[in-house]
Amino acid sequence: MFNRSDLLIVSAAVVAIGAAGVTRYAHLGDVTAFGCAALAVALLASLVGRSVEQLGERLGSGGTGVLQSALGNLPELFIGFFALKAGLTSVVQASIIGSMLANLLLVLGAAFLVGGLKHGSQKFDSAQIRMTMVLLLLATAALVMPAIAHGLHAPVSQHEKPLSIVISVVLLAIFALSLPASLKRRASTDPVPAGHEPPRWPLWLAVSVLAGASVAAALVSDWFVHALEPAMGTLHISPAFAGLVIVAIAGNAIENVVGIQLAARNQMDFAVSVIINSPLQIALLMAPMLVLLSLFTATTLTLVFTPLLVAAVLLTVLTVAIAMLDGESNWLEGAVMIALYAIIATMFWWG
Amino acid sequence: MFNRSDLLIVSAAVVAIGAAGVTRYAHLGDVTAFGCAALAVALLASLVGRSVEQLGERLGSGGTGVLQSALGNLPELFIGFFALKAGLTSVVQASIIGSMLANLLLVLGAAFLVGGLKHGSQKFDSAQIRMTMVLLLLATAALVMPAIAHGLHAPVSQHEKPLSIVISVVLLAIFALSLPASLKRRASTDPVPAGHEPPRWPLWLAVSVLAGASVAAALVSDWFVHALEPAMGTLHISPAFAGLVIVAIAGNAIENVVGIQLAARNQMDFAVSVIINSPLQIALLMAPMLVLLSLFTATTLTLVFTPLLVAAVLLTVLTVAIAMLDGESNWLEGAVMIALYAIIATMFWWG
Amino acid sequence: MFNRSDLLIVSAAVVAIGAAGVTRYAHLGDVTAFGCAALAVALLASLVGRSVEQLGERLGSGGTGVLQSALGNLPELFIGFFALKAGLTSVVQASIIGSMLANLLLVLGAAFLVGGLKHGSQKFDSAQIRMTMVLLLLATAALVMPAIAHGLHAPVSQHEKPLSIVISVVLLAIFALSLPASLKRRASTDPVPAGHEPPRWPLWLAVSVLAGASVAAALVSDWFVHALEPAMGTLHISPAFAGLVIVAIAGNAIENVVGIQLAARNQMDFAVSVIINSPLQIALLMAPMLVLLSLFTATTLTLVFTPLLVAAVLLTVLTVAIAMLDGESNWLEGAVMIALYAIIATMFWWG
């Protein structure tokens with residue numbers, strides 16, 4: 001059943017949803033409404049992740065991967081979809097790249113920092129991590145290719161929509177192909193790692209929490225997007241910064257706090273694996289889903305990210321991939337990664 | 001003497017050359033003529049490679065390297081030279097980069113895919129592969145430097161021809177310097193790998209096939225280039241796409257099919273070595289030779305590739321280098337590499 | 001006390017300083033004056049490095065790191081400061097990147113070349129080297145971010161000065177954070193390496209040489225910068241080339257010749273560590289110090305390097321990082337690195 005930390009999150013989520021609802025309809029100011037909605041979204045994202053984990057452990061470790069992939073990104077997908085409906089294309093584009101950056105620099109950097117301060121230099125050396133990074137590199141190269149071609153090869157400019165759709169289908173196909181391997185890998189390589197607990201929640205509770213949190217996430221995502229635009233105006237935040245930092249962290253990065261906890265417990269292989277799987281899923285699943293979903297809205301989402309987004313994600317993925325191959329981390333590397341994230345985020349402040 | 005597969009290729013080549021000749025002079029349609037010439041070129045390239053291999057094994061394993069380097073790229077060089085004579089500079093430039101991409105993404109990806117499906121995760125970990133990748137990275141950086149400077153540093157623009165010549169001489173010098181090491185390396189590290197056969201062809205046959213195939217390649221390359229321009233017009237293919245995909249695959253990639261066969265036989269070190277040596281030779285030998293040869297034609301070939309070609313080759317070389325250092329491959333990585341090749345090729349469709 | 005090589009450098013420095021003084025005030029021609037000053041600066045930089053080393057060994061190996069960081073870059077800092085006072089911003093920017101390139105390609109390449117010719121393939125595999133490369137990658141990404149944003153994200157252009165200051169403070173903070181680790185690391189991992197000598201100079205001599213060389217370096221740096229502009233005019237050297245090659249080599253690279261000597265003695269871990277620590281200090285200490293020092297001059301130094309400088313340093317750092325992870329070097333790699341340096345330098349000849 002619920003332990004203390006579960007209870008804390010559930011009750012905080014209920015309070016935040018309530019506050020978000022009240023501020024939304026009572027017109028208590030744009031920024032307050034936005035803050036409450038952001039908090040509620042982040043808590044629901046974390047709750048969806050937690051229930052998927054509990055459910056997955058019931059179903060056997062193989063099922064977790066599929067479930068996490070299919071449902072773990074649900075809150076982010078809701079936000080993206082409502083933002084597209086509201087015509088906030090540049091927010092959505094920035095949030096896709098921002099989610100990748102936040103995980104690869106901020107969350108991974110925090111994991112290295114916290115883990116390194118507690119345990120000194122830490123090693124991680126699983127073949128799975130190296131393979132995930134190689135796939136992430138290749139997937140990122142594919143993802144940003146339309147933007148590169150747009151900037152460097154004029155004739156492509158007239159064909160961006162079909163190009164983005166085709167690449168999205170290719171990326172989704174790669175994701176589908178990767179599922180069986182991912183299932184098998186988890187089943188074989190995760191033989192109940194040290195410190196791993198048996199499922200605490202009975203099946204009915206896991207399903208209920210998942211269903212409840214998902215429905216609530218859909219609702220609150222709408223409020224979040226609705227409050228985003230006026231809040232951006234009041235706080236003078238550019239769409240690029242809002243997407244890159246705020247939406248990315250609320251919708252995606254918070255749920256990966258578990259990775260930092262694992263690093264603190266010195267389970268580095270597991271920690272790194274959880275954290276870098278997230279940007280891979282964004283490139284292979286989230287981004288293409290949003291492109292295809294945009295076909296059902298009035299707005300068209302293409303993969304033509306702005307040049308600075310492309311430069312930031314390529315530089316980050318290449319740098320982090322090389323840092324991963326090195327197979328060691330320490331707190332200083334973590335601190336520099338967080339600093340790099342802050343520097344990149346600052347660049348987008350002026351939009 | 002000839003085994004079944006030899007006979008198959010020789011007879012297919014003879015038929016293709018005949019068809020190419022008939023379609024060339026009987027004016028049976030541009031596309032047919034071009035298709036026959038492309039097939040004949042690819043088969044001759046494969047035949048030249050095979051006879052060099054047989055000859056090399058006669059001469060001792062040391063000689064193979066020199067011979068392969070000197071003669072293995074002959075068909076490609078012929079095509080490049082005739083294309084330069086025909087003034088098709090952008091086709092030649094795209095074919096240089098395209099040959100590198102085709103080997104690094106398409107052929108290597110196919111090797112990973114086929115090998116991985118048959119044998120699961122495959123390891124390759126020779127120091128030679130890592131060194132070849134480092135050399136390839138450095139050589140590629142040198143190769144694209146004039147194009148980068150052209151785009152980013154205006155004063156260079158007036159000095160592109162002398163700059164390209166100087167860099168070509170430097171690259172050829174590096175190639176010459178690398179030959180002794182390459183000979184010694186092969187002699188010591190290839191102690192008749194498992195599954196390696198003794199030479200089947202007597203010396204006279206190897207020499208005859210090599211001479212015959214080379215002469216025929218020179219002849220057919222001329223037809224190929226001659227048919228290229230009208231075929232591009234009829235099929236609405238841009239010069240960049242023709243060079244990047246069609247010329248690159250016909251002139252270079254087909255002969256590396258042997259790498260895929262080696263991967264299927266689980267000889268990964270050997271397979272990867274064969275495949276990634278090819279782009280290194282293109283950067284150190286082919287590209288500079290064509291630049292210098294262009295001095296004897298009315299057309300000037302510089303190393304100022306178009307920006308998208310530069311971005312594509314840099315991103316590919318960096319990504320594949322990191323994937324190589326990881327020392328492991330599987331079918332999924334291979335599939336993503338092939339997908340990335342298809343995506344890059346698509347970008348150049350609109351020229 | 002002084003051994004032969006010490007005496008040689010001290011007397012050469014005295015002669016060079018004398019010649020630089022004479023040519024400076026006797027107006028014996030711009031180029032001669034510049035040549036003498038450049039030689040004097042290089043010799044003084046080498047002397048400062050040597051006295052810091054001797055002093056450091058007196059203070060215990062822990063102290064050496066701090067001293068080297070704080071004082072080893074002194075001559076370069078003087079040149080940069082005087083050049084800023086003279087308004088030579090583009091010379092200073094080019095010299096920052098040029099010092100990184102000279103160390104990563106020219107000095108490291110020479111170490112690989114010399115070591116490889118003497119000892120064949122050499123291995124280096126310390127965790128410290130890999131960590132330094134990862135930090136260098138991250139620091140370089142942070143360092144060039146304003147330039148990337150300037151080129152790709154128009155709104156940033158109006159905020160370059162505050163942005164450069166903030167990033168400089170962040171980089172200096174990272175440098176400060178890295179000092180304790182660097183001290184501890186040296187203390188534990190350098191247990192008097194083979195071929196390492198006890199301090200030859202008594203304390204008073206080391207302090208005197210350091211003080212004398214530093215004062216002289218300040219003086220001669222002024223002459224050097226004073227002679228730089230007319231010499232650039234007479235020799236038709238662009239500011240970018242002067243900074244990238246001449247200032248970088250005179251002020252920084254010469255002192256790292258010790259790395260080449262270590263490689264020749266087959267102490268590769270030590271050699272590579274010394275050489276790649278230098279660009280890291282430039283990114284974390286020199287560059288931000290110069291930005292902050294420029295606040296006290298009429299000239300403003302920002303981190304908005306020209307696009308070709310950014311491309312050159314990113315390509316170099318990524319390539320060398322991958323080559324370092326490989327953990328092996330040979331003379332051919334070294335030769336290609338030197339060739340790449342020469343090619344990059346050539347690009348800046350036309351400014």
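Quick reminder: no glycine exception, Cβ is built from N, Cα and C everywhere.
Record features, source TrEMBL:
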type     : residues  : note
TRANSMEM : C:31-49   : transmembrane segment
DOMAIN   : C:33-179  : domain 'Sodium/calcium exchanger membrane region'
TRANSMEM : C:70-88   : transmembrane segment
TRANSMEM : C:94-117  : transmembrane segment
TRANSMEM : C:129-151 : transmembrane segment
TRANSMEM : C:163-183 : transmembrane segment
TRANSMEM : C:203-225 : transmembrane segment
DOMAIN   : C:208-350 : domain 'Sodium/calcium exchanger membrane region'
TRANSMEM : C:237-258 : transmembrane segment
TRANSMEM : C:270-296 : transmembrane segment
TRANSMEM : C:302-324 : transmembrane segment
TRANSMEM : C:331-350 : transmembrane segment
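Per-class residue totals from DSSP over the domain 'Sodium/calcium exchanger membrane region' (C:208-350), listed helix then strand then coil: 121 helix, 2 strand, 20 coil. DSSP labels the residues of the domain 'Sodium/calcium exchanger membrane region' (C:33-179) in these numbers: 133 helix, 2 strand, 12 coil. For the transmembrane segment (C:163-183), the list of distant contacts is 62-63, 65-66, 69, 135, 139, 142-143, 145-146, 149, 156, 281, 283-285, 287-289, 291-292, 295, 301-304: same-chain residues at least six beyond its ends, Cβ to Cβ under 8 Å.
Across C:94-117, C:203-225, C:331-350, stretch C:94-117 shows the highest tally of CB pairs under 8 A with the transmembrane segment (C:237-258). Same-chain residues lying 6+ beyond the ends of the transmembrane segment (C:331-350) with a Cβ under 8 Å from its Cβ atoms: 94, 101-102, 104-106, 108-117, 238, 240-241, 244-245, 308, 312, 316, 320, 323. Away from its own ends, the transmembrane segment (C:70-88) comes close to residues 41, 44-45, 48-49, 52, 95-96, 99, 210, 214, 217-218, 221-222, 224-226, 228-229, 239, 243, 247, 250-252, 255, 281-282, 285-286, 289-290, 293-294, 297-299, 301 of its chain (Cβ-Cβ under 8 Å, at least six residues beyond either end). Sequence-remote contacts of a segment are chain residues at least 6 beyond its ends whose Cβ falls under 8 Å from one of its Cβ atoms, and for the transmembrane segment (C:302-324) they are 90, 93-94, 96-97, 100-101, 104-105, 108, 129-130, 133-134, 136-137, 140-141, 143-148, 150-151, 160-161, 163-164, 167-168, 240, 244, 272, 276, 279, 287, 291, 333, 337, 340, 344, 347-348. The list of residues near the transmembrane segment (C:270-296) in space but at least 6 beyond its ends in sequence, with Cβ under 8 angstroms from a Cβ of it, reads 69, 72-73, 76-77, 80-81, 84, 92, 96, 99-100, 103-104, 107-108, 111, 115, 124, 126, 128-129, 132-133, 135-136, 139-140, 142-143, 164-165, 167-169, 171-172, 174-175, 178, 190, 193, 252, 256, 258-260, 262-263, 302-303, 317, 320, 324.
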